[in-house]
Amino acid sequence: MFRSEEMVLCQLFVQPEAAYVSMYELGEAGIAQFRDLNPHVNDFHRRYVTEVRRCSEMERKLRWVSGELAEPPPPPKPAPRIMSPREINILEERIDFIESEIQEITRNAQNLKTDYLSLIELKILIEKTQTFFQDHSAHRKISASVQVYNNEGVGGHLGFIAGVVATPRVASFERMLWRISHGNIFFKQAQIEEPLKDPVTGHELQKTVFVVFFHGEQIKFRVKKVCTGFQATLYPCPATYKDQQDMLAGVESRIKDLEMVLEQTEQHRKLVLANIARDLSTWMVAVRKEKAIYHTLNMFSMDIIKKCLIAECWVPKQDLPLLQKALDDGVKVSGSPIPSILNPVGSHETPPTFNRTNKFTRGFQNLIDSYGIASYREVNPALYTIITFPFLFAVMFGDMGHGLIMTIFAAIIIIFEKSLSKKKSDNEIWNIFFGGRYIILLMGIFSMYTGLIYNDIFSKSLNIFGSSWKNVYDNQTLVKHKMLDLDPAVAYTQTPYPLGIDPAWQFASNNIIFLNSFKMKLSIIFGVIHMAFGVSLSVVNFKFFSKPYMIFLQYIPQILFLLLLFWYLCIMMFMKWIMYSTVAEDPALGSACAPSVLIMFINMMLLKSTEVRWPCQPFMYEGQNALQRTFLAVAFLCIPVMLFGKPVYQIIKKRKHISGVEEGEGEKVEEQEEMGEMMITQAIHTIEYVLGAVSHTASYLRLWALSLAHAQLSAVLWQRLLRMGLGGGPPVMAIALYMIFGVWAFFTIAILVLMEGLSAFLHTLRLHWVEFMSKFYEGQGYAFLPFSFAVILEHDEEDVKVKPIATQ
C-alpha cells in the first residue's frame, strides 16, 4: 500500500475459439482492464452484437420470471466450471420454454379469475334484483309487466336491463341515463359491500349493482350505448322470482367448481415457480457473465489476415503469470492448435492507479479515493491514515465510555460480518457503517486511549494511581470554607500522575482553564507534526520520479519555513512546561513569570520585545532574540526560493537542452509564454503554502475546540440529568432513576456518540484532505477498473434494486 501497483500494458493475440474461455478466466480473476480498440464503431455494428442481444433477452426473461416469484430466489450455487456454448443454447431454450409456460399459466389463471369475477357479480346482481322487485307495493304488477314485455307481448309494458358498474361512476352514469331518456326511466342501485379483486392487477374494485326500467326499444338501445360508454357489465336476469332462484342455484354451483379449478391452477403455478426458483439465480449469474464476456470481446479488434482477435489491457505486473495462465487455459479447453500470445508493450499513456487492499484497509483507501484517485505510483496516504485518522478523531472524541460503546458496536459487526455481508441491504446508512466497520473499531479503541489520557469516562475521572495532590487543610477549615486554594508548592507532591491527567483536576474550579490551555497546545503540536510529516512525504515522490532538484527547490524551503516558525513555537511550549515551576529557586523561573507563548510568538513575528516586570525576564533563554530573528530571516528567505527556484531551474535546463540550435522568433515568443505560465503557477503554489502554513496550523485548533465541546456536553448530561436520579430520597426515586437513566442513555448515544462522532469524523476527514494531503498528494490519476465478474454482478444487483422490474 505504500504506493500503487506497477502496471503493464499488454497486447493479446487470441484465437476466436479460445477467446471465450480465456475471458471467462480473466473475469473470475479480475486482473485486466481492457481498452476499446473500436472507439468509432457503433455498438450495433460490432462483431458480437448478436450474442450480447441474446444474453440481454435471456436476462430480461429471467428478471420477469423473478418478478413472478412470491419470495426472492435463493443465492446462486457456485459454478464448478464454465458453461459451453451448447449448454448456453440449451439454457436459452429452457428459459424460453419456462417463460412461455408461465405466461400461459398466468393467462389461464387471469381468464379463470375473470370468469369467477363475472359469476360473483352475477350472483350478487341476482340477489340485489330480488330486493328491487320486492321493495315496492306494486311489485306484482311490475313483475307481470316485465314478464309480458320480455315475452314479446304487448309493446306498452316495461322492460329492464341489469348490470354492474364502478361505484365512482354511478352518479354520472345515472345523470346520463336521465338525459338520454328525458326522465323516462326508473333507476335502482345497490352498492356491493365487499370489494372485488381485479383479475389482472389484483387491486380492489368498488362496484355497484343497478337495474334500469324503461319503455320502448329506442330507449333500450340508448341505455345499452351508455352502459358501454361507462364500461358497465350487463348480465341477463330473469324477471320472475322462480327463474331467479333457479339461475342463482346454477351460478353458485359454477362458482364452487371454478374455485376448485382456481385453487388447482394456483398450486400448479406455485409448483412450477418453486422448481424454477432453485436455479434462477444460478442462471442469472451465468447469463450476466456471458453477456459481460461478449461485451468485452466487442472491444477487441479482428485481424482478418491472421484470423485472430487483438486486445490491449492494463495488468498489474505482479499478475502477469495469472494472465498468461488464463490464455493458456483458453487454448487448452478449446483445443486450438495455435497458442495465444501475450506481448507487453510500451506506452506514453499514464497507466491507471491500482492499490491492492483487503477488507481491513479497503475502508481507509476509500477515504483517500473520495478526495481524488492517486496519480500513478505516487505515495499512497491510506497507509498512514490507518493510524493518523483514528488518532486525530480520538483527540476530539476522547472518552473511555463513549469509545467503548463505539468499539462494541464495531466489534459486533466484525464478528458477524460473514452473515451480515450475505444480506444485501438498501439502507445507505447501514451500508456506510458496515463498509467502515474497521475504521469505527480503530476510532473506538483510540478514543478509549485518549479518554484514559484525559482521565474522562462519561465526564467522570478514575483515580487509578492515586492523586499527586494532597489535602493541606484540617477538617474545621474544610467545613468553614466552600472553596479553598491549593498551593502547588505545598499541596503538590512534585511527582507527576503516572498516566494522563491527575483526577484532582475533576473537582478544580479552574478545570476548564487548565484543560483549555493543555488541549490547545496539544492540538498545535499534533498539527505541526502532522503537516511536517506530509511535507516530508513529498521527498519520497521526488526521489521516485527522479526529481532530485525539487528536494532543494521545494522540500527544504517548505520544511524550513514550517519548522523555523511553527515547530519553534512548539519547542517554546515544551520549554515553558519544563523550565517554569512554583518550586524553582530562581524567581525569574517561577510560575508567575511563565510567559505567554502566543504573545512571544507574535512579538517574534513583529520584531518586538516583551515587556515584563521584575524579576521576570523578557526571554526564556540567553540569545533568544538573536536566534528568533535568524529563524525569521531564514524562513522569509525560503519564500523567494519556493517562488523562483523551480521556474528558473526549468528555464535553464531547457536552454541547455536546445543550446547549439538556432532559435526562431516564434520559439522565443513560445518560451516567454511558458515562462510566464510557470511563474504564475509557482506563485499560486507558493502563496497557497505560505498562507496555508498559518491557516492550516490554526485549523488544527479544531482538535481542541471539539474535544472541549464533547467533554462539556458529557458533563452537562451528567450534572443536569443523571445526577438528579442519583441524589437519593424515598424508594419511589428508584423508578425515577430508571427513567432518568433511560433518557441519559438515549441522549448519550444519540448526541454524544452519533452526532458528536459524525462531527469529529468530518473534521478529521478535512484535516487529512486539506491540511495533510495538500502537502504532497496530487490525486490526478484514474482508477483501475478491471474486467471482473464480482464487480459486474454487484452493479447489476444494484441496478435491479433501483429500477422496477417490467412485467408483461
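Placement of Cβ uses the backbone N, Cα and C atoms for every residue, glycine included.
These figures come from a predicted structure and were not determined experimentally.
What TrEMBL records for 88-115 is coiled coil.
What TrEMBL records for 383-416 (among others) is transmembrane segment.
The annotation transmembrane segment is assigned in TrEMBL to 436-454 (among others). Remote same-chain residues near the transmembrane segment (436-454) are listed as 359-360, 363-364, 367, 386, 389-391, 393-395, 397-411, 413-414, 417, 499-501, 707, 711, 757, 761 (criterion: CB distance under 8 Å, separation of at least six residues from the stretch ends).
Taken from TrEMBL, the feature transmembrane segment covers 522-540 (among others).
Residues or ranges marked as transmembrane segment in TrEMBL: 552-575 (among others).
Marked as transmembrane segment by TrEMBL: 587-606 (among others). Remote same-chain partners of the transmembrane segment (587-606), defined as residues 6 or more beyond its termini with a Cβ less than 8 Å from a stretch Cβ, comprise 488, 521, 569, 572-573, 576, 579-581, 612, 615-617, 620, 628, 632.
Outside the transmembrane segment (626-645), and at least 6 residues removed from its termini, the chain residues within Cβ reach (under 8 Å) are 552-554, 556-558, 560-561, 564-565, 568, 604-605, 607, 682-683, 685-686, 689-690. For 626-645 (among others), the entry in TrEMBL reads transmembrane segment.
Under the heading transmembrane segment, TrEMBL lists 733-755 (among others).
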Against the transmembrane segment (733-755), which of these stretches has the most C-beta pairs under 8 Å: 383-416, 522-540, 552-575? 383-416
Is the transmembrane segment (552-575) packed against any residues at least 6 beyond its ends, judged by a Cβ distance under 8 Å, and which are they? 521, 524-525, 528, 531-532, 535-536, 538-539, 542, 597, 600-601, 620-621, 628, 631-632, 634-635, 638-639, 641-642, 645-646, 649, 689-690, 693, 697, 775
Intrachain neighbours beyond the transmembrane segment (383-416), with Cβ under 8 angstroms and 6 or more residues off its ends: 1-2, 361, 364, 367-368, 433-434, 437-454, 456-459, 522-523, 526, 530, 533, 537, 702-703, 706-707, 710-711, 714, 748-749, 752-753, 756-757, 760-761, 763-765, 767-768, 772
